[in-house]
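Pulled from TrEMBL, these are the features on record:
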TRANSMEM  A:21-37  transmembrane segment
TRANSMEM  A:43-64  transmembrane segment
TRANSMEM  A:76-95  transmembrane segment
TRANSMEM  A:101-122  transmembrane segment
TRANSMEM  A:129-146  transmembrane segment
TRANSMEM  A:178-206  transmembrane segment
TRANSMEM  A:227-246  transmembrane segment
TRANSMEM  A:252-273  transmembrane segment
TRANSMEM  A:280-303  transmembrane segment
TRANSMEM  A:309-330  transmembrane segment
Amino acid sequence: MAVVEDRRAGVQPMWVERIPPVWWALGLILLTMPAWAGDFILFQVMGWTFILGIIALSLMFLAGYGGMVSLIQMSVAAMAGYMVAIFGASGVAEISMGLPWWLYIPIAIGVAALFGTIVGALAVRTAGIYTIMITLAIASAFFYFTRQNYTIFNGYSGFNLVVPPQLFGVDWRQAVPFYYLTLGCAAICYAAVVYVSRAPFGLALQGVRDNPRRMAALGFNVTAHRVAAYTFASVIAAIGGILLVWQNAQIAPGTAGIPAVIDILVIAVVGGIGRPIGPFIGALIYVVLSTFSPDLLTAFGLSGERFNLLIGLGFLAVVFFSPDGVLGLWERWQARRARMSDPLKGGGA
Amino acid sequence: MQGFARRHPVWSLLIALAAAVLAWLIFAPWSEGLESVLGAKRIFLNALFGGITLGALYFLVASGFTLIFGLMRNVNLAHGSLYLLGGYLGFEVSERTGSWLLAFPVVFLLVGLLGIVLQHQVFRRMEGEELRQTMVTIGLSVVLADIMLWIWGGQSYTIFAPDWLFGPVTLPIISDVRDSGEAIYLRYPAVRMAILAAAIVIGVAMWLVLNRTRLGMLVRAGVDDREMLSASGVRIQYVFLAVFAFGAGLAGMAGIVGGTFQSLSPGEDTRFLLASLVVVIVGGMGSIPGAAIGALAIGLSEQMGLVYAPTYSVVFTFLIMAAVLAFRPQGLLGEAR
């Protein structure tokens with residue numbers, strides 16, 4: 001065993017050394033953030049960024065690796081949040097069952113994954129734009145259903161006072177513990193997506209995206225791969241949904257309303273659906289804009305309510321000029337710089 | 001019609017039976033046993049007519065959507081915004097001039113122009129890139145919704161119908177029989193009857209234009225094979241512009257109709273976008289008769305659901321869509337591509 005490892009180390013560096021320095025710097029900044037950032041930044045800005053990033057990551061997985069743009073991810077996340085409120089404890093004592101955390105978290109993820117899988121099984125019967133339309137229609141049906149149903153989802157008002165459990169003597173809703181909780185979940189989800197994308201399943205899924213006929217001819221079950229992708233993405237979205245309900249301490253139909261569903265798409269597309277880091281970049285841009293745009297807009301003499309206009313125009317600009325998002329802009333800029341400095345391809349031309 | 005009956009004898013029999021039962025439910029006076037099961041006949045008739053009228057409105061919005069998609073493969077998710085914009089513009093016109101009828105041509109022209117700009121400036125740049133079109137039109141609908149919120153605010157508007165459409169009309173359908181044996185006929189708002197009639201006229205006119213004129217021939221040829229049509233010398237971009245302008249103008253006019261018998265407020269744009277999505281999914285992409293059937297089914301299920309199972313009316317709509325998707329993914333009248 002040791003012989004093999006030695007030989008490998010001689011050919012290529014250890015995996016730790018292959019991580020680019022940018023990642024070390026990013027990790028260091030994120031881990032030491034509580035030392036120099038305020039509670040508002042930690043809880044509201046960074047916590048929300050990681051949560052939205054996780055949910056958008058599940059969309060990125062489906063869209064980037066599976067070629068299926070699904071708008072159901074926010075509803076799946078909200079479903080997980082609802083399950084936490086229903087099976088755990090909340091302010092609505094008539095409905096909530098108050099089970100312990102080690103029971104209701106798996107139940108929530110399981111139910112949300114089941115929901116996402118059923119929707120996925122319906123959606124994979126169609127392709128391209130039809131998938132968007134069908135998932136959008138189902139997402140809106142979910143929104144109206146939760147708003148009208150009072151026996152399970154408590155209708156218009158939803159659930160309040162849904163807080164994370166007091167584990168290991170830590171109040172997880174305090175700024176610093178919550179920051180590390182969301183950071184940890186985001187890192188796990190990111191690693192899971194990267195791992196799955198390189199595993200045989202992920203490679204087969206990318207093959208299905210590029211050429212479903214050929215993959216079917218090679219003996220792969222195309223439909224099963226797509227549905228399984230929905231299941232995996234739903235688990236990730238469910239994790240984001242549970243964190244979301246803990247951060248807001250409440251969940252209501254509006255959590256998965258049409259604007260919220262569209263926002264997840266905006267985040268994923270603005271960040272770039274080509275790579276798993278994209279959704280987090282998009283989420284950071286979105287959260288920073290939504291947190292600070294009222295100040296910015298009033299500085300320009302506009303009313304602070306025009307936030308959606310700003311987001312919409314920014315989104316339009318990104319999809320108009322760079323279909324692969326901010327990441328695509330960055331990559332093109334780097335490619336251009338590399339071309340400029342390359343003496344063979346001509347610096348000045 | 002005869003071909004369908006020959007190919008699917010069982011289905012035709014079932015459809016004929018359902019039509020007969022429905023006609024009997026509408027025209028025959030109900031016995032007491034039936035009324036104890038289904039409630040008063042008046043309520044049933046009102047739900048039925050409400051559903052048909054709502055279906056007519058959905059048809060007006062969705063037919064433009066399905067036509068644009070069928071011909072150009074353009075996914076216009078800003079269609080609901082065109083509807084709401086048309087409604088607001090119609091409100092302004094009818095308030096300023098006092099003429100309800102004048103609002104229709106004005107709105108048709110204005111929203112149609114916006115449609116031309118959209119097709120020429122946005123969709124032509126990204127022909128064939130469905131995903132990008134979707135994203136861009138979603139962005140456009142967000143921007144348009146916020147601009148409309150800016151101009152018209154968050155309150156809801158109702159457009160008032162002219163006096164000659166005010167009040168109810170009496171239909172030759174018996175809604176109830178008094179103890180004295182005297183029959184009471186159904187009374188129904190005249191505006192809604194006018195909307196229903198207008199939708200039928202527009203639907204038939206569209207069918208005639210599509211199937212009996214040269215322009216319709218071009219459009220149908222374009223739906224079937226776009227490249228071949230442009231190769232045979234037709235300036236297909238002009239056909240596209242005309243169809244897009246017509247579809248957008250129709251959505252704008254539907255906005256006036258919707259503002260007259262319901263109301264206009266922020267959020268209606270997504271509601272009608274989703275309604276057209278569901279209608280088109282159920283009816284089949286690019287098919288006008290499909291849009292009519294889908295609109296009728298969705299409108300009826302929504303109204304009937306509101307009357308007989310208020311909590312779950314949305315779920316009925318969803319169930320219809322899921323059933324169609326499960327058994328006929330291309331839609332009831334859609335063609336598999």
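Cβ coordinates are placed from backbone N, Cα and C, and glycine is handled just like the others.
In TrEMBL, annotation is done automatically, which means it is predicted and not curated.
By number of Cβ pairs under 8 Å, the transmembrane segment (A:280-303) is matched best by A:43-64 from the list A:43-64, A:101-122, A:129-146, A:178-206, A:252-273. Counting Cβ pairs under 8 Å to the transmembrane segment (A:178-206), the top-ranked stretch among A:43-64, A:129-146, A:227-246, A:252-273 is A:43-64. By the Cβ criterion (under 8 Å, sequence separation of 6 or more), the transmembrane segment (A:101-122) is in contact with the transmembrane segment (A:227-246), since 3+ such pairs are found. Taking every listed stretch (A:43-64, A:227-246, A:252-273, A:309-330) in turn, the largest tally of C-beta pairs under 8 A with the transmembrane segment (A:129-146) is reached by A:252-273.
If one looks beyond the transmembrane segment (A:227-246) by at least 6 residues along the same chain, the residues whose Cβ comes under 8 Å of a Cβ in the stretch are 47, 50-55, 57-59, 61-62, 65-66, 68, 70, 73-74, 76-82, 84-85, 105, 108-109, 112-113, 115-117, 119-121, 123-124, 162-164, 172-173, 178, 181-182, 185, 189, 192-193, 196, 201, 205, 255.
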